[in-house]
Amino acid sequence: MQNHKNELQRSMKSRHLFMIALGGVIGTGLFLGSGFTISQAGPLGAIAAYIIGGFLMYLVMLCLGELAVAMPVAGSFQAYATKFLGQSTGFMIGWLYWFSWANTVGLELTSAGILMQRWLPSVPIWIWCLVFGIVIFLINALSVRSFAEMEFWFSSIKVAAIILFIVIGGAAVFGLIDFKGGQETPFLSNFMTDRGLFPNGVLAVMFTLVMVNFSFQGTELVGIAAGESESPEKTLPKSIRNVIWRTLFFFVLAMFVLVAILPYKTAGVIESPFVAVLDQIGIPFSADIMNFVILTAILSVANSGLYAASRMMWSLSSNQMGPSFLTRLTKKGVPMNALLITLGISGCSLLTSVMAAETVYLWCISISGMVTVVAWMSICASQFFFRRRFLAEGGNVNDLEFRTPLYPLVPILGFCLYGCVLISLIFIPDQRIGLYCGVPIIIFCYAYYHLSIKKRINHETIEKKQTEAQ
């Protein structure tokens, strides 16, 4: 059962890499979380929030591109933080990110259970969570190739569905398709509310950015998958550039259709706004079909999240920052122990299905969103120090296969803007839980590293691995 070389296998192709990155984004944050963003920021504010969030994501991906092409390792930005920001920071970033995805996997499973209530309301949500949890475990447990192939088709389905939703919804907005019950065509009337363009004020747009960041969580998966991809120096640049623009295209156009049809006061997180929109249009069975597509999308993100978390846990442990038994691989190169423990911890997030579903769901998203912001800040900082060291050691920028443009402006701007997003959590009562939980965890990680990990770690071994990755 064990892979004696203890190495991950490079068996992902270019198409897998691109669809994993794109597919990792399109899930709960868009299909369910967008309802919260609309209700808080208003119609125009929701679109603005996704454009701003997309711009921030663009800055981070430009930084990640340079790092991932120069050092294509499974630990991705955790390895970069360890090398360029310090081992204690790398330890904190890695375990925080692992926790975020473990939490997200549980959220996705809960969301899948919520969607199943449309068809089988008598079956408890936790039953569906268990069933779907077993499914994604089996997909991940077979091999990295089986995971990549399944994720490719998962992602293809939801990308096709988003395009179809935009076409059908756009036609309804402009009167080309009639609404159910003879409702009037809204055109752009829903953009102007009884309280103006921004019903809750301009600041409300900024306050929704944590939720929006949660929606964009997953674009960084391309960096983690680079450690198991063929010819990353060729496939990564193309995948990163494509995923940036296509993600923005899908998110912004989908949000336009949602806010044009759905009054902002009716949006929430218990029912998908996508399903609500298709119900209003009244196309036979379209809402059920969309419900199935959203279910597929959510399981896709859970699948990708389990992959990302297990690889991060394996990377941490292989660098002596976690228990050694987590480094064991199967013959197919799957970190089985890390996979099992991650799925087990994800079960804690199933609390969202049995207690105060809407409140706990938003709390979990806030925590994951906060972790995403911290991780992305570390990517910007790592790229800044990587380029500076690269030049100091006599490197030529033209030798880099992927270059972050406008250095050092891009990493500095990305770091500072995400810092502002973190500070904004202080002013949002519903999302302060992200700080209340996140800050103590960060402090604990640093303290645990210095008190326990630092004295037993072999720094030369870690440095050797990082040097070999370059």
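Placed from the backbone N, Cα and C atoms, the Cβ positions cover glycine too.
The transmembrane segment annotation in Swiss-Prot covers 18-38 (among others) and rests on sequence analysis.
Within the chain, the transmembrane segment (44-64) has long-range Cβ neighbours (under 8 A, six or more residues past its boundaries) at 34, 37-38, 76-77, 191, 197-200, 202, 204-206, 208-209, 212-213, 215-216, 219-220, 222-223, 240, 243-244, 247-248, 251-252, 255-256, 258-259, 264, 376, 379-380, 382-384, 404-405, 410-411, 413-414, 417-418, 421. What Swiss-Prot records for 44-64 (among others) is transmembrane segment.
A Cβ distance under 8 Å defines the sequence-distant neighbours of the transmembrane segment (90-110), meaning residues of its chain 6+ beyond its ends; these are 27-28, 75, 77-83, 125, 128-129, 132-133, 136, 217, 298-299, 301-302, 305-306, 308-309, 312-313, 315-316, 321-322, 342-343, 345-350, 352-353, 357, 361, 364-365, 367-368, 371-372, 374-375, 378, 438, 441-442, 445-446, 449, 453. The transmembrane segment annotation in Swiss-Prot covers 90-110 (among others), and the record cites sequence analysis as its basis.
Summarising the annotation, Swiss-Prot assigns transmembrane segment to 119-139 (among others). Listed by sequence, the residues of this chain that lie at least six past the ends of the transmembrane segment (119-139) yet keep a Cβ under 8 A from its Cβ atoms are 105-106, 109-110, 112-113, 146-147, 150, 288, 291, 299, 302-303, 306, 339-340, 343, 346-347, 350, 353-354.
The annotation transmembrane segment is assigned in Swiss-Prot to 159-179 (among others).
Marked as transmembrane segment by Swiss-Prot on the basis of sequence analysis: 196-216 (among others).
Listed by sequence, the residues of this chain that lie at least six past the ends of the transmembrane segment (243-263) yet keep a Cβ under 8 A from its Cβ atoms are 18, 21-22, 25-26, 30, 34, 38, 43-44, 46-47, 50-51, 54, 57-58, 61, 159, 162-163, 165-166, 169-170, 172-173, 186-188, 190-191, 215-216, 219, 222, 273-274, 276-277, 280-281. Annotation source Swiss-Prot lists transmembrane segment at 243-263 (among others), citing sequence analysis.
Marked as transmembrane segment by Swiss-Prot: 281-301 (among others).
If you look up Swiss-Prot, you'll see 338-358 (among others) marked as transmembrane segment.
For 360-380 (among others), the entry in Swiss-Prot reads transmembrane segment, with the evidence type sequence analysis.
Among the features that Swiss-Prot reports, transmembrane segment is placed at 409-429 (among others). Within its own chain, the transmembrane segment (409-429) has Cβ neighbours under 8 Å at 56, 59-60, 62-63, 203, 206-207, 209-210, 213, 366, 370, 373-374, 376-377, 379-381, 383-384, 387, 435, counting only residues six or more beyond its boundaries.
Taken from Swiss-Prot, the feature transmembrane segment applies to 433-453 (among others).
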Dominant neighbour of the transmembrane segment (196-216) in 159-179, 281-301, 360-380, 433-453, by Cβ pairs under 8 Å: 360-380
Surrounding residues of the transmembrane segment (433-453) on its own chain - C-beta under 8 Å, 6+ positions past either end: 87-88, 91-92, 95-96, 99, 210, 320-321, 363, 366-367, 369-371, 374, 422, 425-426
The answer for the transmembrane segment (281-301), taking Cβ pairs under 8 Å and residues 6+ beyond its ends, is 23-28, 31, 104, 108, 111-112, 115-116, 118-119, 132, 135-136, 151, 154-155, 157-158, 161, 165, 168-169, 172, 177-181, 218, 261, 272, 274-275
Restricting to the same chain and to residues at least six past its boundaries, which positions have a Cβ under 8 Å from a Cβ of the transmembrane segment (360-380)? 28-29, 33, 36, 56-57, 59-60, 63-64, 67, 77, 80-81, 85, 89, 93, 96-97, 99-100, 103-104, 106-107, 110, 210-211, 213-214, 216-217, 220, 269, 349, 351-352, 410-412, 414-415, 418-419, 421-422, 425, 430-435, 437-438, 442
